[in-house]
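Asks: If you scroll down you'll find the structure; I have some questions about it.
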Amino acid sequence: MPRLSILTLSLLPWIPVVLCWVTTVDEVSVLEGGSITVPCRYDPKYANHVKYWCSGSMREFCTSLARTDETSSTNPSKDKVSIFDDPAQEMFTVTMNNLKETQSGWYLCGVELGNGWKADDVAYTKVKVIHGVSVVNSMVSGEEGSSVTVQCLYSERFRESEKKWCRSGGWSSCLSTGSEGSYEDTSVAISDDRTGTFTVTLKKLQMRDAGWYLCSAGQQQVAVQVQVRPRASTTTEPVTSPPTPSQSAVYLPPPKPITKESWNSHRYMLESIAVCSSLLLLVGLAVLARKLWILHKEDSELRHFKEMKERFPDNPSGMSDLQYVPIAFHNKATMDVRAY
């Protein structure tokens with residue numbers, strides 16, 4: 001019984017963890033130089049408890065970055081880390097600004113229980129700070145004649161880099177912001193705020209503007225798809241009867257590209273066809289060779305018969321009687337013939 005009591009007391013600090021009274025997102029990714037806001041939800045019974053944001057993968061050894069019982073700043077958007085508790089929503093949020101790649105790692109949302117018999121209730125999240133380029137929306141669409149806007153985001157190390165907007169597949173189509181940080185013509189306007197975003201506006205859209213484009217900063221780039229819808233007709237169209245089955249449009253799926261996998265799936269069939277074709281060719285050549293050999297043999301016999309006729313021109317009974325004439329071959333090499 002005493003052992004059971006000790007075991008029960010040792011498990012008490014971990015009861016809140018098992019019950020998950022505090023929850024948050026599993027992972028957050030952000031471009032270097034950007035900001036994140038992490039929501040931490042808690043049970044209503046923790047409404048009056050102190051909340052905190054901690055850096056580290058272990059609760060006992062983490063570094064506290066912000067607490068709700070500390071004086072909050074009047075301008076959280078400029079603070080490195082700020083925390084705000086909203087008991088009505090049963091949630092507190094943490095904001096981190098101007099993040100560096102070295103700040104990637106594990107963090108935790110914590111609720112301080114203030115009781116030596118219970119460990120604080122916490123929830124872990126992983127923060128990834130990366131450098132590169134991204135977009136707010138990877139696909140934008142607009143009606144023919146209208147305008148669309150693309151927001152391209154970049155990390156801190158690309159703030160002074162040249163920004164480009166390119167049509168996919170042709171670098172000669174790239175439009176650059178240059179040293180002024182902006183570009184504009186009759187169809188495209190590019191503006192860089194030098195803080196992490198450059199905006200591309202496509203004006204007076206035409207159907208040929210549809211396609212894939214690239215936001216580029218330094219050597220980094222990200223793809224964006226632009227879709228253009230036909231201009232809506234303002235005239236009243238006559239009512240027509242529904243099409244008959246023979247008139248119905250048939251949807252044809254786009255052709256599948258030839259890939260390594262599709263080639264491999266047909267390779268064995270092609271090899272079988274090649275082997276069969278080779279065998280048929282060999283059989284044909286063999287038949288042709290045999291026919292040529294037979295023709296050559298018959299021609300040799302005919303020439304031999306003519307030679308015999310020339311050697312025995314005085315045979316009264318004709319060459320048909322040669323079968324009764326004894327012939328001796330004394331020299332196979334010269335085929336000399338002597339009759340007796």
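Just so it is clear, glycine is given a Cβ too, placed from its N, Cα and C backbone atoms.
These figures come from a predicted structure and were not determined experimentally.
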Asks: Looking at the candidate ranges 233-253, 296-316, report the one that TrEMBL labels region 'Disordered'.
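Replies: Going through 233-253, 296-316 one by one, TrEMBL flags 233-253 as region 'Disordered'.
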Asks: I'd like to know the mean pLDDT over the domain 'Ig-like' (125-225).
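Replies: The average pLDDT of the model in the domain 'Ig-like' (125-225) works out to 90.
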Asks: Going by DSSP, how much of the domain 'Ig-like' (125-225) is helix, how much is strand and how much is coil, in residues?
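Replies: Residue counts for the domain 'Ig-like' (125-225) by secondary structure: 6 helix, 60 strand, 35 coil.
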